[in-house]
Every structure is written in structure tokens, then in C-alpha cells.
């Protein structure tokens, strides 16, 4: 017996009725139950009846938008660019690849060189640094963004978890254990921590006066107080807290000897915390020390002669890397970076130029008769 039903019923996933059979009921009717359907609910959302708004681009709306963007972006860009140029910055490359460099003798230093190689670089500041000065160390050709390098750490261990301290994550391999002892802190990031020592002196009449370098306050607050914690226990005895662990392979001393103060030692040492925040690009700088302004009547660093004493411990020559020391002030927009100002000026200028071009085109062709005239 043939069964016929409409195409609409087929699209809905079921026929409107079943095939009658003796004894009642219907074949395909579900035995009197609810009929299933794939038809969307009759709602504004599912039936695509939601109200919509589409802008109509006319000369009266587009031209003012171009001019407004240009008039806003150009002054902002000029302000940011001028602010960036007013930031004082001085940079010294002390890698030592040049034969005339005082640090050339330390070029091939190794991690375990004893005693450490030292060198001194004299320089002159042509302009005074008025506000607080930030001392950075910079590295080039150092890929902290490598996937395996970034993963080579144990965040539970760094957060003070005692079980992870003695049983580090396998992500730390091959810097997980050494001589059958767990490494604290484990991983490639910690193992490659920057360990040059930089000291700054002012030279006045052949007299060297040390510049006070502040080592606290250089790490993010969330890192210092949330992400990094020493193991639980007697906080005044870090040697006991880290008992049963060993130092990273390339470190000259264990983690509980990174600092001399209890609130800046172990996993919460700020030099260590700054290094553990990996950089996104192979050329980067990290904050090393702060130089605070003590007298509002005098600049933080006066123009004149200075010397930089370096304990050269960090080898970079093997991978063609370079090392720098940077002195810089900051402004409300951060450090020296002219790119943002140039970008604002460029975008504003392009918008203003396009506005002028479109205005000319509209003035010349906008009033022409657009009707199609068929020639005879």
C-alpha cells in the first residue's frame, strides 16, 4: 500500500498523519504521543525576526567622521611623542665583543668562573636625570618565548607547595633533579637566571661616590604577594625549609641565599621574580634597580662623570647575545617609546587626508545628475 504526504511535511521531519491499521492507532503517529519536529521555535531570535540597524554611509556622515578622527588623533599623537622624547635614557652595551671594551677580557666567562670576572666602564651623562631613575639590564638574541622554555617551571613549587618542592613537575626536565635531589627552583627559566652584578658610582674630582640602588619594589605586586611564596614552615629559617633540595645547575648558590633580608629571599626574591616573568621578544629589558630622588631641589643623577662596575657572570657570547645596562626615567605613559605617538599621528593624518580627498570628490561630482540619459 502506498503512503503519500507533502514535501512540507517531509521537511518538518514527519508526515501529518500515519497509516491507518485495523485495531486503532496509526503507523508513524507515535502511538498517540507528542510528535517530534525539527522546526525551530516560533520566536524572534530563532525565526530571525530581531530588529536590526544598518548605517547608511553618506557624505554627511563619513566626511565629519574622518575629520573628527584626524583632529583628535593628531594632537594626542603629538602629545605622546613629545612626552616620550622628554624621557631621559642612557644605554651602555657591556657585552665586550669589541677588543677595546673593558669587558672584553670577560667575554668567554663560564657559569662557574671563580673568582668572577670584573670590569669597569666609565661614561658621562650629558643631561641630568630629574625624577626617579630606573636601572634595567637588557639582553638580545635570548628567546625566552620558546614554548619548551616557557613551560619549564613548576608554579605549585614556586607558590610554596611543600609536596611540589620535593617532587617537582615533569615539565621541569631536564632541570628537575640533580644528583638524586629535587632542584628548587626547577626548570630552564630559573636555571638561566641573570646573575650579573651592577654597581653605579659618581666620579667627582677623582672621588668615586656610590649611588644607592634599591633592590625592592621592582617586581609586580601580584607576583610578589600571590604567585611566589616560600614553603610553609619557619619563615626565618629558609635553610631548613629548603632542606632536601639542591640549587639549579648554573647557580653559584642556593635559592635561600639570593638575598640577605627575609622578605626578599628564596622564592620571593624580587630579582628572581622579575626574571621568571618571561619576555615576549628576543630583545628585552628587565628592571634591575631603582634610584630614588632624595632632594626636590637637585636632580637624581646630575650631569657629569660616572662609572659602572660589573661582576661579569652571565655568558652570552656562545649564542651571539648582547648585554646592556639602561638608565631611564618614566612619564605618565611609561618608558621611552615613540611608536605609539607616531602611530596616532599617522592614523590621524591619513584620516584627515582622506577626508579632504573625499570632500573634493563630493564637491565636484556629488551634484551631478545620476539619471541614465539614453543618447539618440
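Using the three backbone atoms N, Cα and C, a Cβ is placed for every residue, glycine included.
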Stated TrEMBL location of transmembrane segment, expressed as one of 316-338, 339-361: 339-361
Folded-back contacts onto the transmembrane segment (56-82), same chain, C-beta under 8 angstroms, at least six residues removed: 333, 338, 340-355, 358-359, 362, 366
